[in-house]
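Pulled from Swiss-Prot, these are the features on record:
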type: BINDING; residues: 4-11, 133-140; note: ATP binding site
type: BINDING; residues: 157, 177, 179, 184; note: Zn(2+) binding site
């Protein structure tokens, strides 16, 4: 049995998967964001509960919005303050009495998609999340590629490329990022970035869904904004794909439901790639919000 935990800022989602990788149990509980002992107890309690239910010791994987420090294995995270700077893996292993694997939640999302039946033959799968933030992960031959510092998938903290600044024009906003730097892709390509750019250029705040609906209805400002954003996305995807060269790219997060992306990217991205390169297949993520839990559980298969 494989246990997956998706530890977010407000909730912990648990999933149990059998040997056929079928989900056989689900539970959601509030995240004790500021109480580290309670966080440990909550996770350990769920493990004990489902060990008893399934009469076995499940293998444990955990995804969270952050990463482990590659040198001392303490957790680097903003959204789960209780775990910040703590040796979460070591403390969980001591409390539960078995191995625990921890990975960035975007990498878990990517791993979930890579292990979908339709993509298992793809040598490399990249998962990109266009949600509240922008980030992703690269899966190579069924394994998460984390890099020396466990930051290989932190694409949201790459800077906006020169082509993008030219495209956005003289009035381009220099947006700050939660990491403390400015100009990060996270601030521009996320659903939040989609809204911030609209507010910057048109002086009014609108939700992403309302901008998309206005575009479909023929609104001139919305149409201009969508055109600008699609080209911006293509420019940045071109840089990311050139550096990583994935076979398949799966998009998740709220903005990934904007169907126009799947029509426009195959047409726009190629001009930002090397002349010998082909644009990878770009698809909508199949497992949606459950991807983080699936990927966390699957860390113990090939992760």
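Every residue number used here counts from 1 along the chain in the order it is shown.
Using the three backbone atoms N, Cα and C, a Cβ is placed for every residue, glycine included.
Annotated features, which come from Swiss-Prot, shown on the structure.
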residue: 4; record: ATP binding site; DSSP class: strand
residue: 10; record: ATP binding site; DSSP class: coil
residue: 133; record: ATP binding site; DSSP class: coil
residue: 139; record: ATP binding site; DSSP class: strand
residue: 177; record: Zn(2+) binding site; DSSP class: coil
residue: 184; record: Zn(2+) binding site; DSSP class: strand
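The Zn(2+) site, placed at the center of the C-beta atoms of 157, 177, 179, 184, has further neighbours from the same chain whose C-beta lies within 8 angstroms: 156, 178, 180, 181, 185, 186, 187. The separation of residue 179 (Zn(2+) binding site) from residue 133 (ATP binding site), Cα to Cα, is 12 Å. Between the CA atoms of residue 135 (ATP binding site) and residue 184 (Zn(2+) binding site) there is a gap of 11 Å. Residue 137 (ATP binding site) counts 29 other C-beta atoms within 10 Å of its own C-beta, drawing on all protein chains shown.
The binding-site residues under consideration are 4, 8, 135. Their Cβ neighbour counts within 10 Å are lowest for 8. Between the candidate binding-site residues, 139, 177, 179, 184, the densest Cβ environment within 10 Å is the one around 139.
Annotation for residue 10 (ATP binding site): spatial neighbours 30, 31, 33, criterion Cβ-Cβ under 8 Å with sequence separation of six or more. Cβ neighbour counts within 10 Å, taken over all protein chains shown, single out 6 as the most crowded of the binding-site residues 6, 133, 157. Geometry remark: residue 184 (Zn(2+) binding site) versus residue 137 (ATP binding site), CA distance 16 Å.
Cα-Cα distance from residue 4 (ATP binding site) to residue 179 (Zn(2+) binding site): 27 Å (rounded to the nearest whole number).
In this structure, residue 157 (Zn(2+) binding site) is part of a helix by DSSP. Put simply, residue 157 (Zn(2+) binding site) is 13 Å from residue 137 (ATP binding site) when counted between their Cα atoms.
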